[in-house]
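For reference, the structure discussed in these notes is given below.
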Amino acid sequence: MKFSTVILAAGKGTRMHSNMPKVLHTLAGKPMVKHVIDTCNNLGAQNIHLVYGHGGDQMQQALVNESVNWVLQAQQLGTGHAVDQASPHFQDDEKILVLYGDVPLISEDTIESLLEAQPTDGIALLTVVLEDPTGYGRIVRKRGPVVAIVEQKDASEEQKLIKEVNTGVLVATGRDLKRWLAGLNNNNAQGEYYLTDVIAAAHDEGRAVEAVHPSHSIEVEGVNDRIQLARLERAFQARQAKKLLEQGVMLRDPARFDLRGTLQCGSDVEIDVNVIIEGNVSIGNNVVIGAGSILKDCEIDDNTVIRPYSVIEGATVGENCTVGPFTRLRPGAELRDDAHVGNFVEMKNARLGEGSKANHLTYLGDAEIGKGVNVGAGVITCNYDGANKHKTVIGDDVFVGSDCQLVAPVTIGNGATIGAGTTLTKNVAEGELVITRAPERKIAGWQRPAKKK
């Protein structure tokens, strides 16, 4: 179904109390307006006309990778005026869908229903019935069909009793919408050009107006303050959690789970409370994610356990691994099958080989570590000389004792042993033992100082 979209995103968002344009505030880790853009792209919109005003530079910087037609609304003179700024780009025979950058949860199904419902040469309008319609434009019907929309400030007392309200979302043909927009005036209580007045214009021409309801009213709730944004955040997260539960993922507490990207899960995955998923995350079968962990743009293979409060970003974790608690895997970290990293271990751009372990208080950066290696507590790969990064290479079956500093570039051969407390600056051959310690001294007759009375 061919259509183009106008997204209204020019509002300042005064009640957000922020210097950032309202539509750039995030929901599930993504700007609200980006949710709307993604929905349109998923449905195959031919053109997306983004009407902006306040914070234009911020908007264009935040959405630099989006394929949209930027339309400036220099003065905010109402929704009708905003859509009219984009009207020179409308093709006469295409459907024009009007959406809002601060209404991020509208679904693809609802939009498809609206597009399909548009009468020939008429308008399809998205409406919703609210128990408390205060503040919304009322849908005025005459013996069934919609004949007009009356804004709250312009409504009579009788009209204020109407509970069916306008969401602002509509579809019309480009040719008709351009004509109706050109005929708008601002003779109303707010002195603005209302988009809603095109409904009356269509009715006056004898055009049909078809009302469609969303699957759930939360889809058409807008955001004007942080309270409303928080409400939509929880609604969105609840919806995502429900889908995961239906797919067989065990969320220990769905209300304490945040998905801020995409998650692909195998079978029998268990996710404990307060876990945050960001970016694109893939989890295999029989994986356990401990409480308070953060996973971003990473892959975790089958039968792996991520213990509580681990942070994994841009990393790959193999099968049968154990990570954490309190582990940080940074971009480029890779754990091969059966590897273990424990509490307060940090890895970046480093590979830990099959069956290797670094269980305590360790930094592994720019390192290649082979199979069956034991990395003791307090080991540091000294990879940075103040100007450049250097690599540490450790072969298979190496034992690195506690509190060692491996000053890169350095290579340790297979089966070597590095004694505790060693500062290593030279390569080590296969099977060698290397120890660099200060001589141990025993001071005869020494006594502790006595405390002053």
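Keep in mind that glycine also has a Cβ here, set from the backbone N, Cα and C atoms.
Some features that Swiss-Prot has for this protein:
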{"type": "ACT_SITE", "residues": "H360", "note": "active site, proton acceptor"}
{"type": "BINDING", "residues": "8-11, K22, Q73, 78-79, 100-102, G137, E151, N166, N224, R330, K348, Y363, N374", "note": "UDP-N-acetyl-alpha-D-glucosamine binding site"}
{"type": "BINDING", "residues": "D102, N224", "note": "Mg(2+) binding site"}
{"type": "REGION", "residues": "1-226", "note": "region 'Pyrophosphorylase'"}
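Here the CA atom of H360 (active site, proton acceptor) lies 64 Å from the CA atom of E151 (UDP-N-acetyl-alpha-D-glucosamine binding site).
Averaged across the region 'Pyrophosphorylase' (1-226), pLDDT for the predicted model comes to 94.
Long-range Cβ neighbours of H360 (active site, proton acceptor) (same chain, at least 6 residues apart, Cβ-Cβ under 8 Å): G342, N343, F344, V345, G376, A377, G378. Shown in sequence order, S356, K357, V398, F399, V400 are the residues of the chain, 6+ apart in sequence, with a C-beta less than 8 angstroms from the C-beta of N374 (UDP-N-acetyl-alpha-D-glucosamine binding site). Geometry remark: G101 (UDP-N-acetyl-alpha-D-glucosamine binding site) versus N224 (Mg(2+) binding site), CA distance 11 Å.
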